[in-house]
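Asks: Pasting the relevant annotations from Swiss-Prot:
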| type | residues | note |
| --- | --- | --- |
| DOMAIN | 14-175 | domain 'TIR' |
| ACT_SITE | GLU88 | active site |
| DOMAIN | 211-472 | domain 'NB-ARC' |
| REPEAT | 260-285 | repeat 'LRR 1' |
| REPEAT | 436-459 | repeat 'LRR 2' |
| REPEAT | 614-636 | repeat 'LRR 3' |
| REPEAT | 637-659 | repeat 'LRR 4' |
| REPEAT | 682-706 | repeat 'LRR 5' |
| REPEAT | 708-728 | repeat 'LRR 6' |
| REPEAT | 729-749 | repeat 'LRR 7' |
| REPEAT | 750-774 | repeat 'LRR 8' |
| REPEAT | 796-818 | repeat 'LRR 9' |
| REPEAT | 819-842 | repeat 'LRR 10' |
| REPEAT | 861-887 | repeat 'LRR 11' |
| REGION | 1162-1195 | region 'Disordered' |
| MOTIF | 1170-1177 | motif 'Nuclear localization signal' |
Amino acid sequence: METSSISTVEDKPPQHQVFINFRGADLRRRFVSHLVTALKLNNINVFIDDYEDRGQPLDVLLKRIEESKIVLAIFSGNYTESVWCVRELEKIKDCTDEGTLVAIPIFYKLEPSTVRDLKGKFGDRFRSMAKGDERKKKWKEAFNLIPNIMGITIDKKSVESEKVNEIVKAVKTALTGIPPEGSHNAVVGALGNSNAGTSSGDKKHETFGNEQRLKDLEEKLDRDKYKGTRIIGVVGMPGIGKTTLLKELYKTWQGKFSRHALIDQIRVKSKHLELDRLPQMLLGELSKLNNPHVDNLKDPYSQLHERKVLVVLDDVSKREQIDALREILDWIKEGKEGSRVVIATSDMSLTNGLVDDTYMVQNLNHRDSLQLFHYHAFIDDQANPQKKDFMKLSEGFVHYARGHPLALKVLGGELNKKSMDHWNSKMKKLAQSPSPNIVSVFQVSYDELTTAQKDAFLDIACFRSQDKDYVESLLASSDLGSAEAMSAVKSLTDKFLINTCDGRVEMHDLLYKFSREIDLKASNQDGSRQRRLWLHQHIIKGGIINVLQNKMKAANVRGIFLDLSEVEDETSLDRDHFINMGNLRYLKFYNSHCPQECKTNNKINIPDKLKLPLKEVRCLHWLKFPLETLPNDFNPINLVDLKLPYSEMEQLWEGDKDTPCLRWVDLNHSSKLCSLSGLSKAEKLQRLNLEGCTTLKAFPHDMKKMKMLAFLNLKGCTSLESLPEMNLISLKTLTLSGCSTFKEFPLISDNIETLYLDGTAISQLPMNMEKLQRLVVLNMKDCKMLEEIPGRVGELKALQELILSDCLNLKIFPEIDISFLNILLLDGTAIEVMPQLPSVQYLCLSRNAKISCLPVGISQLSQLKWLDLKYCTSLTSVPEFPPNLQCLDAHGCSSLKTVSKPLARIMPTEQNHSTFIFTNCENLEQAAKEEITSYAQRKCQLLSYARKRYNGGLVSESLFSTCFPGCEVPSWFCHETVGSELEVKLLPHWHDKKLAGIALCAVVSCLDPQDQVSRLSVTCTFKVKDEDKSWVPYTCPVGSWTRHGGGKDKIELDHVFIGYTSCPHTIKCHEEGNSDECNPTEASLKFTVTGGTSENGKYKVLKCGLSLVYAKDKDKNSALETKYDMLIGKSFQETSEGVDGRVKKTKGKYVMPVEKNFQETTEGVDGRVKKKKKTRMDNGRPKKKQRSGRDDNQTRMQVELQEGNINSVIMHTVKNF
């Protein structure tokens, strides 16, 4: 029915009339009479059937409902005895669906659930009254919908006079939301059933998460940015919040336009109106016509051609609706600049060629989801003290909805005022079946699909998260061709019933549950509809046996998906059970609890002479298939995917069979498989997985016909000795890992990109290896017979990863230039000279007993980021490392004595994370340890400067760590103590904005020298306290060691762990809130040693230390005057700066020590650095006078500092370091 603004009814009743739907025998002389009186006293026009002449037909009452603005539906005990009441309710439901009516349900001494679910005597009376009536289904829908609207309940304890006042208040509130009739700015379609009886203030829940959505949409409509007329599409899945967003947009933007209109519920209205009424409705609103029966569409054009208009069209569902409005939309585009049109739809294809831009409404985030759910779950009880007790359960419901606003509203509403037991029960029910109110939303979109699209949607649900190509292949081999399958996937994507992400077809969890509900309902009906059997209880417990034995039901089964992990009891199949399943397309017996599918106890017993005449089957997955071959009557003519892992098969089938559609075959760990002759005609095969087929000795020569084969996995085929000569032009990945008897590798494809030959018996690579110009990864790990790498490898210009680990006889690596080689693993080889490849980023030389030193030129490998030297037991020294090195692991280099000075070059703009590990380097000399600590100090200084300069130190993260044998905290740490806990009193303003991070140190000792660990991690819990606050402890990493590749090791010596972390968030909060205040503050630190996730009691922190690291302001004298905080105990004494570089007090001012390589300075009143005429100390001895060249450098640095040339100073400083 149309809205009242364009009604043709003459002598309309008074404006905003209220219609009361009730059972007269129950309420007319009592409650309703009082209610009518109260409404009239509040100047509200009210209509009840007493006003109609006796004998008037029911159609007159239904017309009055159409003409009304608000309906009060009063449900009482005998309501369902009256067919008139129920037919009125049906009309009320239709009008609310159209958006022309506000319904307020009143439950008179009845529970809303009794009405909604037609329970008890109320339901019995309905069933008796409606028996045999064809309208029964529509009536039930009305009972299901109307009680879900927020209404008013009157129980035995209620004071009826108070409830009457409450109803009057609700009516008055609802009336304020309905625009005056004839208003040219009216919304076409009133409040509908969305928020009847709520005040505008209560609608704030509609905006949870909507602020950002509205902002993003407004950016696309921006009138300043886009001067011309602009049409925007708002798209998203059903129930995602498009209508809410558009109403909010319309409310915000309507005042910016001289003419504006919103037409909502176009999908519903189009079912009840002729399509040519849509443009009439729109023109009527824009033309300020009270009764817009516009026959000549050109008339309004001349009136409005020079006006800017805003048009919002909500819930457009079909192309015909767009076409009906096309002329007006074209006119708007050609009219005055600045007009805006917004079209909301759940079908993106409808916006193609029409809109200038599209805004896709996304799911709500977790915070907004929780707020929206809580609002509806506690709508009348937001301050409920028990609300927190429901938080954990709330998380479960929010997770279930996955950010879907309508689902959150529905679930919250269904749980409102319910007990915790009810909440728990509801969650269990949702695991089995979704809420009917959520299903109904998706059902509308599903019903509009074609039959082919419905089948595709339900099929895709069976294979969600699979590759798009795989899904399309399954669909294409069904009733659809290849083009039709791709079209079906695109159409469902456009309608937001599925989506593609990273090449996979995905489906929202709610839609997935909806699809299963559809199949479940089909299974519970007479079996005439095709269906897919999902749940094991429906398949096993009276399901599959019953279905297989019933010819009609069996013939309509489209798919069986049985999770063997859910099967508890032994089940036996008869040899003839599959005979009647002529339409079966998908048969899948799998195990969800074991991804490898290797530990399943198969409880499905199969007879030896099983009949399997499944001509239509597309996908056959059968874990641990027990027969030696597939039955003779099995016809793979339509088979696309065959997966029989851990089977007892010796061959696929006897003889040759046509397999024109077969693209994927997986027979992994079928240990008895000895022949692949059945695949001779699989010319479209793309992937073949034969991993663990230990009996397979050879490949048939017919495999050369597989020109589309791209992936071949033969890992662990220990009996395989060779491959036939062939050219598989599409082959990209070949895996022969663990084929221990495979001796000679023939080049079977020039297009291989990934080649795994690890664990084979090959002794050399093929002579024509250079043909593999697309080869990216070559893995030859554990090829013990391999003695050399041919120089021809240097011609593989695409090679990026070369793995030669544990090639025990490999002694020489050729001098080659592989320009793109990034990863080179030579661990466990006998190579004596480290190769130098300019592009290498990851170099592993661990477990090499031959290398005694590294080439000096390693410092020039600017791309090297990871150098692994573990257990290089002959290595005695290391040279200077390149500046970009992020990880050096020298664990267990027991002969290592010296390191270069400097250890590594440091760039002035250094921001890289880096870790240098020297654990169990038991012979490391003291000078080497001092260089490591000195490097750590310089690294902290430069990181503090760089991080502050380039990102403001906004990110809290671990930037540097090192560990080495030792028993002392380095002297440059200003706070230290014995033990694992450190209490520090900090000076006022310690948290100023120059604070860049914290340096931490721990000396760790092993209490049990025989203890072996695979991981050791040192962390510090940092907590700041002052007079007003106590922050939550912040955990900072100090350092760690991990034994990669498995195994354990001893950490016998005491070790020093040093770590630098950018300013923790808790300190930054302190800094931001109190940087101008002078609050004495103390910090508490506790250092802990863990073995991964839990504390390791066999390791003890002997000593620990802390320094706060500050970055110098750019307008100060020295870019590198990185200062460290000081010990309070020494800061008030007259001290001179010794070897520890600690604080000196001069004329009452604190002096911050700078890097010792600078001249000693004092700090003036203005905080700037002044040169002090005093002999500089070095290790307690007077420093010899420097040559004039160094003095000249320092003079030049001072001049450059005055001129602000910071970078130049940094470069000089790094050179001096």
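Every residue, even glycine, has its Cβ placed from backbone N, Cα and C.
Quantities reported herein were computed from a predicted structural model and do not represent experimental measurements.
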Asks: Pull the DSSP breakdown for the repeat 'LRR 2' (436-459) and write it out as helix, strand, coil residue counts.
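Replies: Taking each residue of the repeat 'LRR 2' (436-459) in turn, the totals are 21 helix, 0 strand, 3 coil.
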Asks: With a Cβ cut-off under 8 Å, give me the same-chain residues at least six positions beyond the ends of the repeat 'LRR 11' (861-887) that come close to it.
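Replies: Sequence-remote neighbours of the repeat 'LRR 11' (861-887) are 822, 827, 836-855, 893-900, 902-907, 910, 912-917, 1044.
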Asks: Among all the protein chains here, how many other CB atoms are within 10 A of the CB of the residue listed as 'active site'?
Replies: 24
Asks: Report the DSSP secondary-structure composition of the repeat 'LRR 7' (729-749) as helix, strand and coil residue counts.
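Replies: Counts, helix then strand then coil: 0 helix, 3 strand, 18 coil.
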Asks: When the pLDDT values for the repeat 'LRR 6' (708-728) are averaged, what is the result?
Replies: 93
Asks: Go ahead and report the DSSP secondary structure tallies for the repeat 'LRR 4' (637-659): helix first, then strand, then coil.
Replies: 0 helix, 3 strand, 20 coil
